[in-house]
Every structure is written in structure tokens, then in C-alpha cells.
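Chemist: Below you'll find the structure I mean.
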Amino acid sequence: SVGFKAGVKEYKLTYYTPEYETKDTDILAAFRVTPQPGVPPEEAGAAVXAESSTGTWTTVWTDGLTSLDRYKGRCYHIEPVPGEADQYICYVAYPLDLFEEGSVTNMFTSIVGNVFGFKALRALRLEDLRIPPAYIKTFQGPPHGIQVERDKLNKYGRPLLGCTIKPKLGLSAKNYGRAVYECLRGGLDFTKDDENVNSQPFMRWRDRFLFCAEAIYKAQAETGEIKGHYLNATAGTWEEMIKRAVFARELGVPIVMHDYLTGGFTANTSLAHYCRDNGLLLHIHRAMHAVIDRQKNHGMHFRVLAKALRMSGGDHIHAGTVVGKLEGERDITLGFVDLLRDDFIEKDRSRGIYFTQDWVSLPGVIPVASGGIHVWHMPALTEIFGDDSVLQFGGGTLGHPWGNAPGAVANRVALEACVQARNEGRDLAAEGNAIIREASKWSLELAAACEVWKEIKFEFKAVDTLDPE
């Protein structure tokens, strides 16, 4: 008939297309959908596809001015979640033309910007995204990547060691710099600003940068190793953030830091471009991630945030510990650690990976294990994360009974012992405690650390677990 048919029609008539064959250029999404009672899964899945692409609640005559078939998102497959009543995984394909090139901001605004408040859904979670190579090639990605970082630091064949300076708020710049020096001098590769250290009344950013640079150069001169401190450039405006990064570059330090979720993807991508152009490494903290990713049935899984960060740009990102005080189940954590580091990752539902992901030539990101870890965890961390990682001990360095430098010595000795044992073919998982005990005979600092933390464990069940097979 001529003209258009006004009124409301079911989403599934247009947006549920089980016969659709996905294209190599489509962005694919896996959503965990919990429909409201009485809403069939096909309608719920189609609603997700519609509301995150071309749809609106009623038919509009301007639909006739474009080709919906070319631009609409399509829900092409739905499967029930085993062990959960009323939960479904809905797979949605989005045509590449819906997205601005090189903009994580636009990608998220489209895919998750509006649909999560949709009334027909009780809850909605984005579990995974497949980013096609055609879209990945529009991003610069990490400023440098894993291999370039190793070459800049001249450190190979072992994980890197870090430490967050505590107390995170309240120290003066000079005392802060002193703690940085002691940790680096003791044997750590990096120290770190906490995520909420920006430029507060008790310590303005410029003073901190100067004292930390002094600490770095002094520790480098005394140890003959390249050292770094993650200078947090996060600020209230984009211009101020870049100003801080420029000052860090002028001081000649190797690395700056950004809180990418609170700072925002637009600011983060700008900073990543600046860092590549000017030879700075970029450490990323994921402050605010648990607001988005912790609930199992609503929000966005961290593996999606991790993929987005690799596209936006960062050389390090915090990725849980598996063994410390912060959330992270082993298989799931290793799944997104591989997504950060490797060039090509096969679909593997047992690790929560819903799609095969090809990163083509985008550099990798080093995962950072941080939060409630100490020397007794070293064998497990070395085994789980391997060489391309940063192991970060805040309290596990600064809480040493003899002070900061001995705390750093203890961590470095423990790490070197674990790496040597692994290279000799010993089983770190089975012999970990024995390896640490042997090493502590040769290091009084390590022996003291072993004594303090011998019984500390953070044993709680993970909130976000895999579905039963």
C-alpha cells in the first residue's frame, strides 16, 4: 500500500531475524537479557537490537527516507542461560556503518547508551563484543604495547613489580617522593599514584611530579635499572590532563597514568595519542569499573571494558588478581587477560569468551594484578599471569615491618626466586610455599615479610561466576 502504516508494532517483526548470516564487518554483541514477566525472549532480544540501533517505539514516516535493512541491528540468535529461569543470551549484529571510526565513545553510546533503561527488560548485561578488524583498524590502540615497553625499560623474562604509595591521601609531596624513592631503590620497577591522587590541597600535582621525578632519577643512578612512577594525569578537564602529561614528558619520566572510566573514553583516547607521539607509556586504572561490571545480570562485563580500553589506548590496565582482595575468578580473569595481551583469541565459553576476536596489528596491553597481595602469593601470581604482567603490592610492600625499601627487597627476591624455579622446571602451584621458604633463608627482608603475612587470605566466593555448562 502507498504511504506508511502508523502505529506501534512488535519489535520482533523487524528486528528478530534468526535466518541472518553475520558479516565479517558486523560488530557482534552478546547480551544477557532478563525480560519482564510475560515478555517473550524474541521480543526482548529484538527490543535490544532495535533500541540500540535504528528503532523507536512507534513507526515513523521518516523510516521511508532510509534503508532500515541496511542500518538496523538484528537479533540473530537466542539461547536460554543454563541454570537460570528467565535469562537468555541474545546475540545482536550491528552493521559497521552505524559507528563513527576510531570512537569508543560513539560505539558505547550506540550499543549500551539507551537500551539499559528499557521497561520491557528487568535486567540487561552486555557480556561480550566481537569487534571486526575493519573497525579495529580505525583505532591507534595502546601507545606502545608490550614489546616496546620491555625495550624501553630493558627488562625481559619476568613480570614487572609495582607498588601503590599509601596512605593514598594525606602525604605531602616530599614525603610521597621519599616513599617512591625507597620502593624503587629496594628493587621495584614501578611505583604508582593511587587512582584518586590528582591535585588536592595537601599535595598539588606539580609538586608531586617534581619530587617523584627526583626519586626516579636517584633510584636509577643507584641501581643501574630503569625505574618509573605512574604519575596520575587525570584531571577535571581534558586540557588540564594534557598539561600534566606535557609536564611529565618535560621531566623525562617514562610513564603517566589515567583513570579511564571516570576520565572518560574521549579524554583517554586523546591522552593515548599524546603518549604515542611523545614516547610516554600509559598506565590505566579502572576506577569505577565495579559499578558497571559487578552484577551478574545487569551492566557490562569487564571483558567488554577491557576490549574498549585496548581500542582507546593504554599500555597497562588493572585486571584483578585471582588471589587477592578484589573480585576475579580464575578462568574469567585469564579470559580477559588473554584478550588484552594476545593478537588472536578463539571463542571459548568456558572462559566467558563468546566470540573469536582478531586484533590484527593492535598492540597488546599488560595486565596489572593489584589488591591485597603479598609475598606468599608470588608463586601463584607468576604461574597465573606469566611474564607479561605487572604485579603490584601496595600494602604488601609498605606494610613490611622494617619499612618500604626492605618491603621492596622482599618482593623482588620472592619474584626472582619464583622465576628461577619456574625456569628450572619446578611446579610453582605445588611447590610455591617451599620456594618462598628456601629463598627467605638468603634474605632477611623476605623472611620478615613471610612472618608478617603468613596467615592472611581474602577468601570470599566470587560474585560474578561462569554459568553451569
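Every residue, even glycine, has its Cβ placed from backbone N, Cα and C.
Model, not experiment: these values are computed from the prediction.
Dumping what Swiss-Prot says about this protein:
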| type | residues | note |
| --- | --- | --- |
| ACT_SITE | Lys166 | active site, proton acceptor |
| ACT_SITE | His285 | active site, proton acceptor |
| BINDING | Asn114, Thr164, Lys168, Arg286, His318, Ser370 | substrate binding site |
| BINDING | Lys192, Asp194, Glu195 | Mg(2+) binding site |
| MOD_RES | Lys5 | N6,N6,N6-trimethyllysine |
| MOD_RES | Lys192 | N6-carboxylysine |
| SITE | Lys325 | site 'Transition state stabilizer' |
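Thinking about packing and proximity, how do these listed features fit into the structure?
Modeler: Under the three-state DSSP scheme, Lys166 (active site, proton acceptor) falls in the coil class. Listed in sequence order, Asp194, Gly394, Gly395, Leu398 are the same-chain residues at least 6 apart in sequence whose CB falls under 8 Å from the CB of Lys166 (active site, proton acceptor).
The C-beta environment of His285 (active site, proton acceptor), restricted to residues of the same chain at least 6 apart in sequence and closer than 8 Å, consists of Glu195, Asn232, Met257, His258, Asp259, Tyr260, Ile317, His318.
Over all protein chains present, the Cβ of Lys168 (substrate binding site) has 15 other Cβ atoms lying within 10 Å.
The Cβ neighbour count for Lys192 (Mg(2+) binding site), using a 10 Å radius over every protein chain in view, is 29.
In the three-state DSSP classification, Lys5 (N6,N6,N6-trimethyllysine) falls within coil.
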Chemist: To which of the binding-site residues Asn114, Thr164 does the lowest count of other Cβ atoms within 10 Å belong?
Modeler: Asn114
Chemist: Can you tell me how far the Cα of Lys168 (substrate binding site) sits from the Cα of Lys192 (Mg(2+) binding site), in Å?
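Modeler: If we compare the Cα positions of Lys168 (substrate binding site) and Lys192 (Mg(2+) binding site), the gap is 10 Å.
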Chemist: Can you grab the distance from Arg286 (substrate binding site) over to Lys192 (Mg(2+) binding site)? Cα atoms, rounded to a whole Å.
Modeler: 14
Chemist: Of Lys5, Arg286, His318, the recorded positions given in the record, which has the fewest other CB atoms within 10 A of its CB?
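Modeler: Sparsest of the recorded positions Lys5, Arg286, His318 by Cβ contacts within 10 Å: Lys5.
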Chemist: List the Cα distance (Å, whole number) between Lys192 (Mg(2+) binding site) and Thr164 (substrate binding site).
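Modeler: It is 5 Å, counting Cα to Cα.
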